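Heads up: the structure comes next, in structure tokens.
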Amino acid sequence: MACLLETPIRMSVLSEVTASSRHYVDRLFDPDPQKVLQGVIDMKNAVIGNNKQKANLIVLGAVPRLLYLLQQETSSTELKTECAVVLGSLAMGTENNVKSLLDCHIIPALLQGLLSPDLKFIEACLRCLRTIFTSPVTPEELLYTDATVIPHLMALLSRSRYTQEYICQIFSHCCKGPDHQTILFNHGAVQNIAHLLTSVSYKVRMQALKCFSVLAFENPQVSMTLVNVLVDGELLPQIFVKMLQRDKPIEMQLTSAKCLTYMCRAGAIRTDDNCIVLKTLPCLVRMCSKERLLEERVEGAETLAYLIEPDVELQRIASITDHLIAMLADYFKYPSSVSAITDIKRLDHDLKHAHELRQAAFKLYASLGANDEDIRKKIIDTENMMDRIVTGLSESSVKVRLAAVRCLHSLSRSVQQLRTSFQDHAVWKPLMKVLQNAPDEILVVASSMLCNLLLEFSPSKEPILESGAVELLCGLTQSENPALRVNGIWALMNMAFQAEQKIKADILRSLSTEQLFRLLSDSDLNVLMKTLGLLRNLLSTRPHIDKIMSTHGKQIMQAVTLILEGEHNIEVKEQTLCILANIADGTTAKELIMTNDDILQKIKYYMGHSHVKLQLAAMFCISNLVWNEEEGSQERQDKLRDMGIVDILHKLSQSPDSNLCDKAKTALQQYLA
């Protein structure tokens, strides 16, 4: 019986809940406009801070009716305004509420409302639009669908401090990427918003500042314009510097520092400018201190990482400012150990930000250690740092894993660290694990780091080889992603450098000649260059050259011919001629050149090329072919003389280029010996 009773009970509870809300909706349909207005006002009071009531009213169909009243010409301005206020309140509930409002096409209705002459109604519409556009479920594109909207919003900026605050907030949330920046810039965003930085309202100043930070991000055009904008006789960068002084609210300091950082990275402010070195950088380091809130520390560290990323001098200055390297170690101490039950809220907060803190610290360490050996050593010597980074490689959060890999990659540029810390912590093990199964963005950085670990002086090279790296890297060369193809082939190139014959044979077997030749015709120049580099490293030391050419000679000569005939740049042709020079150094392999008249004619052609690099590379081929201490040298010399090579050598021995001149003289001596 209990089962039978259960449903009616649930239904009665539901009907009770909806009944208490239904009368609010019913009153919206009253024929008396005064009663409708009072109904909307009562609804407004009922939903404030009550998410359950908001959800009920949405389910009962309040939104379409409110939108209808908002758009009716016969509705009084007061009624329209109250409708906009209620809709704004509903939007402040859950994300599902916002989705429901979007489904009812609330944005076009509110944008239409902005054409009203009544300021209070306009402000209510803007406040509601602000709430909807700042929700993560709202597509930013909805602001740009109608081309008349942005210019109209620009015109409304002068109406009141509320229109200024809401419109700037809408712009800063909906400006995502260069297309949006261009639209706002072309409609006069810089000129219309600049003077708001001196508004008496803190909220207006703050929202205007946020607008400039999103407009300037990675945008040279906007940044170059901002540098020269005057507001009340003061240049914008000077205003931003004033806003990042210690006596200003933290939010303002951080956002001003972002504006100056983005302008600097976009090339509008020099990295050695005082406003960067003496103001922006110290402000961002301050934001990383223990005194700041966790979210401020995250934002401070990430912005600082971005500011110093390309500049070694800023990296050095940051590394010795306020013990920054040691200060960042504290980012890994969250969540803190909780003793009292009263700290549960604190624990929840710490947990929420722990991932972000670790990610920010890794990013900043990566930027700090990008170039300077001493800074890298300081980072690695910081308490348990290598352990923390290695742990970061297996974090559940993709963003933390990516930041940890980037940090390791930055530190792996150090020969000293590759030989010591990286070996002590067997970094290659977790790295190989990361490479087995990770999103492309992580794979790109991890495989790039593997290239460093496979350099000939790295002690990690041997164990990496033994753990199946060849197959893994050959797999990467088949990726759709050009960056992964480059890194895969680059790592194989490093692996093949001065390697034993067995390793070279493993590479050729795993890669397959078909794939090797696919890579030699890759549209990506970097892939082609690294593949040629791999081939050059495979074809080094005579026994290896002869062995490889005895099995793959025909295909390799074919590939070389195609590249020398193709429309390739100087570097590609030079690398290809160097491969030929290596083949010419083989004992039996050189016969593959001597019996190929087409290749010999190409070498002759490049000896007379206008570019010295190509002449030199062709000369290496000739020197190796005519060297008289080797068997068959007389026949080779005779054949090359008949082709006119000796005449070219005489001509080159008079070359103004000392290298070329010396090489030609050395080759001629082989004929005289």
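Each Cβ is built from the backbone N, Cα and C atoms, and glycine gets one as well.
According to Swiss-Prot, the N-acetylalanine annotation covers Ala2. Under the heading repeat 'ARM 1', Swiss-Prot lists 51-92. The phosphoserine annotation in Swiss-Prot covers Ser337, Ser512 and rests on similarity to another entry. Here Swiss-Prot flags 501-540 as repeat 'ARM 11'. Annotation comment: Swiss-Prot describes 634-673 as repeat 'ARM 14'.
Summarising the environment of Ser512 (phosphoserine), the number of other Cβ atoms within 10 Å of its Cβ, over all protein chains shown, is 11. Counting only same-chain residues 6+ beyond the ends of the repeat 'ARM 11' (501-540), those with a CB under 8 A from a CB of the stretch are 465, 470-471, 474, 477-478, 482, 485-486, 489-490, 492-493, 495, 547-549, 552, 555-556, 559, 562-563, 568-569, 571-572, 575-576, 578-579, 582-583, 586, 589. Mapped onto three states, the DSSP output places Ser512 (phosphoserine) in coil. For the repeat 'ARM 1' (51-92), DSSP puts the residue distribution at 34 helix, 0 strand, 8 coil. Averaged over the repeat 'ARM 11' (501-540), the predicted model has a pLDDT of 93.
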